[in-house]
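Q: Please find one structure pasted underneath; my questions will follow.
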Amino acid sequence: MLRKLYYTIAGTEKAFSFEHRIFNLTSFVLTVFSAQGTIFNSILGLHPTTIILGITGASLTLLTFYLSRFRKLFNQTLLVGFILATIFVLAPLFFYNGASLGPTIYLMVMILTALLLISPPGMQLLLCIIYAVSIISLLVLEYYNPDWIIPYSTNAQRIADYATSLLYTLFFTALVIWLFRRSYDREQRTITLQKTELETLYADAQEKNIYIQSLIRELHHRVKNNLQVVSSLMSLQSNRVEDEHAKTALQEGKTRVDAMAMIHQKLYVDNELAAVNMQDYLNQLTSSLAGSFGLPAFAVETTVQLPNPSMNIDRAVSIGLIVNELVTNACKHAFKQTTDPKLYIQLAQTGDDLQLSVADNGIGLKNNDEAESGFGLKLVGILVNQLDASMQVTNKPGTRYTIQMKAE
């Protein structure tokens, strides 16, 4: 019954916001209070002006209730109009209800408290200023114009007026506090429920994430193993082939497979899912390549200058294959007439650009050189295009390949 009455007066939660419902309730309670006050003032024999002001106040608050509850208006204009209407009624009523000895100021404070709870933050200071100026102005006018005050005829009138105002103030304050507490408790229950659901979802997500990570690690491990099997088969096949061109092709294919297997090995060992440490990877790759061609470790100088040495696996594979081809090319062709071979590999970021440089101190490229037209450099060109990069070759002394691309 009470719930149905509350929804009839304030409106349902689906149709009105919480602040709007409090405003509906405030305007309705003030309408009832004004109407009741008018009747009581008439019974108590107070000044006729108080009756006129009571009727005026009841009419204004009833109009506000109609606009807010049934026309669903709730904006700053309506709030300001409501504030001015209450001051317009309560200011003259102040002098007809014993001035500072009457309950008018307490009613103004009660209304201000309710409005502060429902008004937007930008209006709250304005509300305080309006009501503070109004109350101070009334007290100043009372001080300088004591003859404006219409005192209570009897002490019984004063007590009855006070008692009525006090009961309404207590009732309204308790009702608003109860509604806010009810709303707060509901929101707390909702927050607690949502928190529990989020914690459950987070725990499930963490469990799935751990499972997915283990699957990816296992995938890297199996890919690495499969690539190593392919590499071993190519190595065995190259040993059985007598044709030198076929043997060379198989050995070069093996180094390419090894370059890719090395990435998956690093991802598995480093417990990374999709990011490769390029410093470690290029050091390991170039050292392995140099060793396979009989070059000492100090013959290769690898430098990585990146803000973040980690790189996604797709780009790392492409760069690794490019380095593999260029280093292999240099080891096969550049050092035929060099007694102290040197290789310089550098991967550096400058601004938004990433630059890969592979240089040697060999004999340099010659016209119609097989290294210039072989499959290795064709593969490098394909990989450069995949990276949306550009490549520049400078020749003598030695050969330098410079590949420019956008940083991630």
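Heads up, the Cβ atoms here are built off N, Cα and C, so glycines get one too.
Just so you know, TrEMBL annotations are computer predictions that nobody has curated.
Taken from TrEMBL, the feature domain 'Histidine kinase' covers 218-408. Annotation source TrEMBL lists transmembrane segment at 21-40, 46-66, 78-95, 101-118, 125-144, 159-180.
Looking at the shown structure, what environment does each listed feature sit in?
A: Sequence-distant neighbours of the transmembrane segment (78-95) (same chain, 6+ residues past either end, Cβ-Cβ under 8 Å): 23, 27, 30, 34, 49-50, 53, 56-57, 60-61, 64, 67-68, 102, 104-105, 107-108, 111, 115, 119, 123, 127, 130-131, 134, 138, 141-142, 148-150.
Residues of the same chain lying 6 or more positions beyond the ends of the transmembrane segment (101-118) and with a Cβ under 8 Å from any Cβ of it are 19-20, 22-23, 26, 30, 79, 82-83, 86-87, 90, 93-94, 124, 127-128, 131, 134-135, 138, 151-152, 158, 161-162, 165-166, 169, 172-173, 176, 180.
Tertiary proximity for the transmembrane segment (159-180) is limited to same-chain residues at least six positions away from its ends with a CB under 8 Å from its CB atoms, namely 21-22, 25-26, 29, 33, 36-37, 40, 44, 46, 97-98, 102-103, 106-107, 110, 113-114, 117, 152.
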Q: Take the transmembrane segment (46-66) and find every residue of the same chain, 6 or more past its ends, with a Cβ under 8 Å from one of its Cβ atoms.
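A: Residues 24, 27-28, 30-31, 34-35, 37-38, 78, 81-82, 85-86, 88-90, 92-93, 96-97, 150, 152-153, 157, 161 contact the transmembrane segment (46-66) from elsewhere in the chain.
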